[in-house]
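Student: Next up is a structure, given as structure tokens.
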Amino acid sequence: MPVTNPVLPGYTLRLVLCNVSIDDLDEVIEPLFRFADDTSDCVIEDVCCHHLCKSDELLKLFLPSFQDLFGVSMVVPLMNLHIKSLGASHTVAGIIGSLYGIMQLFSSTFVGCWSDIVGRRYSLLACILLSALGYFLLGTSTTVFLFAISRVPVGIFKHTLSISKALLSDLVSERDRPLVMGRFNAASSVGFILGPVVGGYLTELEDGFYQTSFICASIFLLNAGLVWMLPWSEENTGNREHQQGNKGTDSFSAKGNHDLHLKSATNGAMASDSLFRSPWIQVATVLKRIKGIACSDLWDIFLVRLLMSVAILLYYSNFTLALEERFGVKPLFAGYLMSYSSALGVLAGCLLGPITRLYQHNTYRILLHSSTLTCTLILLYASALSIWMVILSSTFLAFSTTIGRTCIIDLELTIGGNEASGTLLGVGQSVTSVGRIVAPLLSGIAQEFSPCGPPSLGVGLALVAILIMNANKQKYCSHGNVKLKNQ
């Protein structure tokens, strides 16, 4: 992009580069710095670059997400059978299962914030390799104690998908983020559908569980190799920015991360310095960022996420048992129906692009309407008089829940800012973990009254979430308008 227009001395130049791919940034930006140096008193105040990532680079991130859930879903359904074969009681098995959830609850926020500090590449590689270690130990667990030990690295560091989402958020524009996140979730869901089938087949073999665990660990090692081979253009751009500062020129002064749309460049430059900091400094920085999130005005978004998560978990909590008691349906049919819903969820993720264009990229309206539809469909299921009404509600619920999960993440990043995307996604994951802990308790209490009790309670929680969104409509809409203006 040659610069031919003259700039008068003393003028401040603000550049907006649109539709520039990552590979072309060097050719575009470096001549601009040389031009600013040659022009007296000319300052490049800000560079807003709405870059386009190549589709094949995004696909290289979708493949590890698919393999991640494919490997995990091979092992997880078989874990209860394995721990019982080791001689553990139901209580011990439940305690070990809860231990994993508690570790996820407290570690997701810290790991997400840590990825903001040291960079996505190193944090993602560390999480993948340590998760591989956990599944390798699981494949060698011949006692209950070894089984419990193997869950520790996985419980603390199995946040690979959250960091991958933060990386995607760094790479794509805000306008394209719901579409990319939807496709990312679709790729992950395909792995979750296929994994249990393969795991069920492998477990029929001799020492099938151990073989399945080793295959899962190998998949994570393969993912580490794929992540290492990614081009990581954002780090190269960050190094270039750092080199410009070392030259002593003041021609480029960024206002701050929130004004710099080349978010991944900032993360790369910050990672090169933060990776070698003292661990105590890193911990202090993590705690400071978490305190900033806790003191922010994002409480309503996280509360909406918690309420909707618990509502959906209550819907699924006694799904098989309720169908058997209400309609005399066998568990096999319930399994087919849940697989059918999962397949529709993949389709919903692929349809997010047309939906966001239909709503003119207004994430708040999409979230409000999808939450309202989810509430209505859970109510339809709770009051269903025939199995066909259950099938109908399950069909559309697969679309509304998938769209709602993607939109709540996009709204968190839009209002909270992309500078702390890892922290925001980590906190959101912790909120969901709280829902996973609370939902079984509420479901058990509600089932004491009726098989329809859990979904009926879910309808009430979803209504509260909708009321909170309506009460804070002005805040969501104002951020949505700013978002559209910046595009």
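The backbone N, Cα and C atoms fix where each Cβ goes, glycine too.
Here TrEMBL flags 57-477 as domain 'Major facilitator superfamily (MFS) profile'. The transmembrane segment annotation in TrEMBL covers 91-111, 123-149, 209-230, 298-317, 337-356, 377-399.
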Student: By Cβ distance under 8 Å, which residues at least 6 away from the ends of the transmembrane segment (298-317) in the same chain are close to it?
Tutor: 338, 371, 374-375, 378, 381, 397, 401, 404, 408, 411-412, 415-416, 424, 427-428, 431-432, 434-436, 438-440, 442-443, 446, 454-455, 457-459, 461-462, 464-465, 468-469, 471-472, 475
Student: What residues in the same chain, six or more past the boundaries of the transmembrane segment (91-111), come closer than 8 Å to it by Cβ-Cβ distance?
Tutor: 80, 83-84, 123, 127, 144, 147-148, 151-152, 154-159, 162-163, 286, 290, 422-423, 426-427, 429-430, 433-434, 436-437
Student: So what pLDDT does the domain 'Major facilitator superfamily (MFS) profile' (57-477) average out to?
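Tutor: Here the predicted model's pLDDT, averaged over the domain 'Major facilitator superfamily (MFS) profile' (57-477), is 80.
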